[in-house]
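**Q** Dumping the structure here so I can ask a few things about it.
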């Protein structure tokens, strides 16, 4: 198959996305697929090639390390030689239209909030992951929490603040609380807040990345994550940071966090409850093909932190580790994702197909 692995783009999670994209591309080529890496925002200079010839080259780097630098839109705009700020870079759409399917390795921003998915649906381009409606709801932590609560899924209390309200706010919860961008990921802009002064500075930082902030009650407990691929929940992975909390550095730089799968001393009933809730959360949010659900577990049960509709696929990402613990290697995982979504297309069961029936 001809497969475009679409990554990069204009997002604070750009560097994570590129690392995911390189690894996915290399794995697909090892599986005999004509996979090529394309940066959504920077595009591809054909340099005399035909679109078909693009698939002859992986177009990847051997460097999978992730910089801890958080790029702003202004930083990323400077990377594009033509000075354009259009979402799709040169030749991206033409190359994607020539593919049998596009593997979305985008994280955050327009790649995860449904905009790219909507453009592809309009243009008849097949892609992995969920459709635009489910992606938009899931990317917005306020919307997704409201959907989860409506369906009886336990999640921490929360309150939303908008940028135009300013940072001088009070919250209806006791400290500590967690402050994060409403539509962010990879813990960019996320803070654990212990007092009113920290709340104001935390909101100021969040508003650098998003027009909306979500403040959540702090939920103590053990932290877990479960991947769901084609309706099947993998075994949980427990996340144990060696110091501090599970921020960007702890997620993507080696040596800061221990990932334990299967988790030790976890009651099987609790483990099964997390699996059931993970599948239920995917279902109520309308997520398809694959995703990841993050949890806290304590004496009061399991609490969904958030859902991830395009989870990371880097060397330290959780979903590949969970799959490997269940006997599914990285190459088989990416092929399961591709084949699972192609089956949904064939059965007319994608979001676009269901909405037009």
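Even glycines carry a Cβ here, placed using N, Cα and C.
Below are the features listed in Swiss-Prot for this protein:
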type	residues	note
DOMAIN	145-339	domain 'ATP-grasp'
BINDING	172-225	ATP binding site
BINDING	294, 306	Mg(2+) 1 binding site
BINDING	306, 308	Mg(2+) 2 binding site
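Could you place the listed features in the three-dimensional structure?
**A** Annotation note: residue 179 (ATP binding site) sits in a strand segment as assigned by DSSP.
In the structure as shown, the Cβ atom of residue 306 (Mg(2+) 1 binding site) sits within 10 Å of 20 other Cβ atoms. Residue 306 (Mg(2+) 1 binding site) carries a strand DSSP state (E or B).
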**Q** Quick one, of the binding-site residues 200, 294, which Cβ has the fewest other Cβ within 10 Å?
**A** 200
**Q** Work out the three-state DSSP category of residue 193 (ATP binding site).
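**A** Reduced to three states, the DSSP call for residue 193 (ATP binding site) is strand.
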**Q** How big is the gap, in Å, between the Cα of residue 308 (Mg(2+) 2 binding site) and that of residue 207 (ATP binding site), rounded to a whole number?
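**A** One finds 21 Å between the Cα atoms of these residues.
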**Q** Taking DSSP three-state, what's residue 200 (ATP binding site) in: helix, strand or coil?
**A** helix
